[in-house]
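Below is one structure, written out as C-alpha cells, with a few remarks after it.
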C-alpha cells in the first residue's frame, strides 16, 4: 500500500519520520562500533547467530516489503537490529536465494516508498546485481514500472552529485549501461515489453545505450525493429550516430535492415517506418551502404521521395 491517499505536506511528514527511524538505526550502529555491547538475552543471541550464519534476507523483511507497508517494514528492521543486536548495515547486505537485495524485492513488488527510502540511505544497493546480473533498473523495466524507474534514476543522480559519493568516479559504469547475463541493459528490457514510457525514461538518461549490443548481437534499436514498434523506433533513432557498436560489422539499424532482407524480420514491420519517413535520408545512406543493394536501394528511394 506504501502511501494512503493524502496531501503533499502529510507525505513529506511521513517520509521525514521514516528517515528519522533509519537514522536512529545507523546512529546506534556507530555507537556499537565504539562501545562494548551490553549483555544480550539468550533469545536475542540465538536470533543474532541465525542471522549472521546466513547471507539470506530474513523472511519477515521479505514479507514486509511484499506488503508494501513502510512502517511495518521499518518495525521488522528495528526488531532485527535492536533486539537481535545485528548491525543495520549487515542486514541490508542480505539477499534472497535469487540474489535479490531489498531494492530488487521492492522493485518487483512495485513499492516506491520502500525503494526510495532504502536507496537514499543505502545507495550501495542501487548498482547491486542479482544472480542473473539484473540491477533494480532491469527489474523495474521488465515490470513496466515507469514510476519506479523515475525514482531510481533520481536517487542515483542525487547520489552521484553528493560529496564523497560512491558513484563519483567517472570511470565507473553508469547504472543504465550495466548488462545482465544475457547482455541486456535496462533499455533492452524496456523495448522487449514495448512499453514506451519506460523506454523513454531510460533512453533520455543515456541515449548511447540505444546502440549497445546484447549477447545475441542485438541493440535496443534492433529489437524495436524486430518487434515492429514504430513509436519506440522513432525514439531510438534520435540516438547519436557516433560510438555505435557493430552487429557483425554493421550498425544496429543496418543489421536490422539486413535481418528484414534475409527474412529474419518480416518486411511489413519495417514498411510503415519507411513510408512514415521516420528515418532521415543522410543517416540512412551511411548506414545502408554495404547492405543488399536491391532491397535497401528500394527503401532509400522511398525514403528520399518521402523527404523531398
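Cβ coordinates come from backbone N, Cα and C, glycine included.
Straight from TrEMBL, the features:
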type: REPEAT; residues: 216-238; note: repeat 'ANK'
Tally of residues which DSSP labels helix, strand or coil - the repeat 'ANK' (216-238): 15 helix, 0 strand, 8 coil
Averaged pLDDT, computed only over the residues in the repeat 'ANK' (216-238): 90
